[in-house]
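Structure first, then comments.
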Amino acid sequence: MFASRPVVHPLEVAAPAHPVQQPAPGVLMKDLPGMPGTPGGLGLRVLQLLFAAISLAVMSSTADFASVSAFCYLITTTVLQCVWSLTVAIVDIYALLVKRCLQNRRAVTLFSIGDGITWLVSFSGACAAAGIPVLIDADLIMCSENPCASFQTAVAMGFMCCFSLLPSFLLNFYSIASSHG
């Protein structure tokens, strides 16, 4: 059987002076917008803090929220969300000011776990509180006696807080999953 054999011809090319400065092969996407330590990540944290603070302010401005446990739970979850978002926003601001990368495995894992827990708790609080205005308005027809619009606004801001937290969680989780590679 006649098989062809490849012939290798060496090329005379000068070696790079500093091979350490060569970029690694492949495309590196470590600074996705929305990741910790990026301007997009800081923007998401500010949105989360803003929505949680509005929900907290609107719900606590009503006099009747303390009589319903779901509303108290929403207040608790928004306080937790405010504390978490403010803390991570401060870390993001620091990282941006000193040009520090927050893409190490431990930090991203911590942010991912924190985002996952706060998302789950915030979403459950918003879902629990969402049923009460529906009950008051549709079933009991008592919105004239209760501030239903305030309740609905607080619940809507709670959901907006959850939806602005979801990209942070998913990006951090993706970063952890893709680094196992």
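Numbers here mean position along the shown chain, with the first residue as 1.
Every residue gets a Cβ built from N, Cα and C, even glycine.
What Swiss-Prot records for this protein:
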TOPO_DOM  1-38  topological domain 'Cytoplasmic'
TRANSMEM  39-59  transmembrane segment
TOPO_DOM  60-77  topological domain 'Extracellular'
TRANSMEM  78-98  transmembrane segment
TOPO_DOM  99-115  topological domain 'Cytoplasmic'
TRANSMEM  116-136  transmembrane segment
TOPO_DOM  137-153  topological domain 'Extracellular'
TRANSMEM  154-174  transmembrane segment
TOPO_DOM  175-181  topological domain 'Cytoplasmic'
Residue distribution over DSSP helix, strand and coil in the topological domain 'Extracellular' (60-77): 14 helix, 0 strand, 4 coil
The topological domain 'Cytoplasmic' (1-38) [mean pLDDT, rounded to integer]: 64
Helix, strand and coil counts within the topological domain 'Extracellular' (137-153) (DSSP): 9 helix, 0 strand, 8 coil
